[in-house]
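I am attaching a structure below and will ask some questions about it afterwards.
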């Protein structure tokens, strides 16, 4: 455009434009520290560089700052200046010993602050000043032993606070004053012995509280009373031992209660009073022995109940009566149950899953009622006999009456019954009964001498019925018989049958045939169950393989569109402000023990063009 005569003005214009462009790019080009691995202006990665202090001259447009894995002992108020757009600051695993008050005062748009896995021993008031928009604060795996009152005063927007695995022993009055937006509080794996009655003041919006693995000896019911919105409470791994009356008063919205491995031996009558909306209760790994009608009488909406790995030996018939319409899952495995009356389970009309394995079941007549109830129920429950030894390992559903009642009749015990003043027999009747035993009984094969005795309950044996029929006809003519031992040279085994006297040869042959048929049917049933199990496993394997193939195809299809999954995207969205939010409580039963860190969601709000452009980002590990 410029000729030779205008070369000097053109040169001046060129220099002016160049200087202007350099000024515009100054913050992007010259603002990044040369020691950092990645500096895009939006994201700065200074991970694992052994830095002893925070570098200077970061661009003001920085959104992510990664300082993980360094050797930064102290953070003062002059090190994090000018970062007005910073959203996430990672200072974890950096050997931090102390953070000075007002160290984050200029980070007014900070949403996520990671100070976990350091050596911070104390938190002084003013340390979080200026963090009015902070949502998530991570302080786990430090050495904090005490939190002074008011230290969290400035965190009015924090919804998630993680203080697990510190050295806290006492939560004093007003520890969390000012945290009116807090929804999740994790205090697990500390040494907390006592919680002040006003320790949770201002936490009316708290939804999830994790106090597992501390040293609480009783439920701090007075401290819980202010937590009107609490939905999930974990007290597992505390030496509580007993649930005192009204331990959970005020927690009307509580739905999930974890009391695993808390040495609980007793639940008082009103122990669960006030939590009528409870849905999930976990009492695994405790020392409960007896369950009665008062234990769970107030939990009318309970859906999920785990009682495995206790020492339960008895359950009253009406223990689960009030939760019959709601309870769907019940776990009674790994206890000391030997019998269970069907009336215990009959009220549970909504039950879909029952576990009772690994109990020392005694397969006798007491379990026949349970077997019959299970046969008519839609619930699948595998109970295997532990006693008697002859039935060990056999499934309850294969046990029938012939296996349950088989006994020998001993004459010596019959004489003990005869000795009773209420029972008298004619000598003639006794001899007739003895003649019937020796003539119509089982073949006499053994020539050894032994004592033959009868059951105590004479009416249940044919010989006893014979005595009664002949002895009580004319009680005035009866003669008392002295109890003496009768020595016989044969052993007599009398099998009890329902509608017959002592078996004759024909009855004996019929009984043997019936027993053989029963055993064959049992073997066929067992074989069928084994084949059915293999078939189900094969179907599951086929479905799993199909699922994996479909998943693999989806991955291949996704890889065609993008070679690499990225968590952050740049320069694809118009100027806007994006609000970062996180889901509060995961309600999956599998996540009850510890709070999972939820995936972050972003909601876009359009702003005028003259405001600073903020990138859209996703972060799956916050």
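Glycine is no exception: its Cβ is also placed from the backbone N, Cα and C atoms.
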For which of 71, 331 does Swiss-Prot record the feature N-linked glycosylation site?
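Looking at Swiss-Prot, the N-linked glycosylation site feature maps to 331.
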From the list 266, 451, pick out the residue that Swiss-Prot labels N-linked glycosylation site.
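With Swiss-Prot as the source, N-linked glycosylation site is noted for 266.
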Would you mind telling me which of 485-505, 506-526, 527-547, 548-568 Swiss-Prot tags as transmembrane segment?
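Here Swiss-Prot associates transmembrane segment with the stretch 527-547.
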Of all the glycosylation sites here, 215, 266, 331, which one's CB has the most other CB atoms within 10 A?
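Per the Cβ count within 10 Å, the most buried is 331.
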Pop the Cα-Cα gap between residue 331 (N-linked glycosylation site) and residue 266 (N-linked glycosylation site) into the table, whole Å please.
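Just about 18 Å between their Cα atoms.
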Helix, strand or coil at residue 331 (N-linked glycosylation site), per DSSP?
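Once the DSSP labels are grouped into three classes, residue 331 (N-linked glycosylation site) ends up as strand.
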Give the residue counts of the domain 'LRRNT' (32-60) per reduced DSSP state, in the order helix, strand, coil.
0 helix, 5 strand, 24 coil
Let me know the model's mean pLDDT on the repeat 'LRR 7' (205-226).
96
Helix, strand or coil at residue 266 (N-linked glycosylation site), per DSSP?
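It is in a strand.
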For the repeat 'LRR 5' (157-178), give me same-chain residues lying six or more residues beyond its boundaries with a C-beta closer than 8 angstroms to one of its C-beta atoms, as numbers and ranges.
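That would be 116, 132-150, 184-203, 210, 223, 582, 584, 595.
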